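Residues or ranges marked as pyruvate binding site in TrEMBL: Thr43, Val195. Residues or ranges marked as active site, proton donor/acceptor in TrEMBL: Tyr129. Under the heading active site, schiff-base intermediate with substrate, TrEMBL lists Lys155.
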Amino acid sequence: MEVVVPILTPFNPDGTINREALKTHATNLLEKGIDLIFLNGTTGLGPALSKEEKKETLRTLSDVADRVIFQVGELNLNNVLELVKFSSDYGVRAIASYSPYYFPRLPEKWLIKYFQTIASHSSHPVYLYNYPLATGYDISAELLSKFGLELAGVKDTNQDLAHSMKFKTTFPKMKVYNGSDTLAFYSLLSLDGTVASMSNCLPTVFVEMKRAISQGDVKKALVHQRLITSIVELARKYGQLGALYVLTEMTQGYSVGRPRPPIFPLEEGEERELKKEVENFIKGLGVKA
Ligand code: FW2
């Protein structure tokens, strides 16, 4: 049972990556009990990072590479393979990739070929990052099975838990994580864990939820899940990806820089409003973030 943080990528005002802030944030999350870091994911603005920036994030976290899943997806397979090769110098836990996206009506065969090519070049375990809502393609357990493609793991960002569970029943050895904050409790309970963006700003809540589950205290764990779901709902009103920077700074007490447009930082008034809403909420519950 693992809590995986899809770590946000801190940027400087000039749009470069704030490496120091990334390191500080990663160190704090691991110290608080987060198990693994998913690097260059959606929350990390992976699709908006260049190949060189993806390398830079891994270089920055090289000290904790064994706790890192390195996301390498790009729309140029040569770049992807360069990142796969680059990762072979680091002892990462696994590499991962979302499927090709944007281009409509890609044949299933090509989607599978993309992952086969990655797997044949990687010395590390390869995880699928399946996010149909974002990519337009569902790389389901059925599809992998149809083409006989076995991967070491999957992060399935899906509101349908049964869809994620199907990977486990089809491929019992596969590491299976669901990537929805609102299903984190259920993912910890029934899969190998959760990849949850809110664990950037609520690491202790996630770690406590995991502890409660392992102690069989379902009631307590569900209180944590409800808190997570409520904060997601608040954050979504302001644009979840941008709001997360404000929430993380607020709850963790250090700067995580800012997002990079087109993921815009919150405006001053929005930031004030969000902080007020969340403060009142957390205070009311008396929990540690
Ligand atoms: C990532 C995640 C979490 C997302 C989810 C999408 O890479 O950021 O899939 O927060 O809203 O795994």
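Heads up, residue numbers simply count up from 1 along the chain you see.
Keep in mind that glycine also has a Cβ here, set from the backbone N, Cα and C atoms.
With the fewest other C-beta atoms within 10 Å around its C-beta, Thr43 stands out among the recorded positions Thr43, Tyr129, Lys155, Val195. Among the recorded positions Thr43, Tyr129, Val195, residues whose Cβ is positioned under 6 Å from ligand 1 are identified as Thr43, Val195.
Of all the recorded positions in the record (Thr43, Tyr129, Val195), the one with the smallest CA separation from Lys155 (active site, schiff-base intermediate with substrate) is Tyr129.
In this structure, the CA atom of Tyr129 (active site, proton donor/acceptor) is 11 Å away from the CA atom of Val195 (pyruvate binding site).
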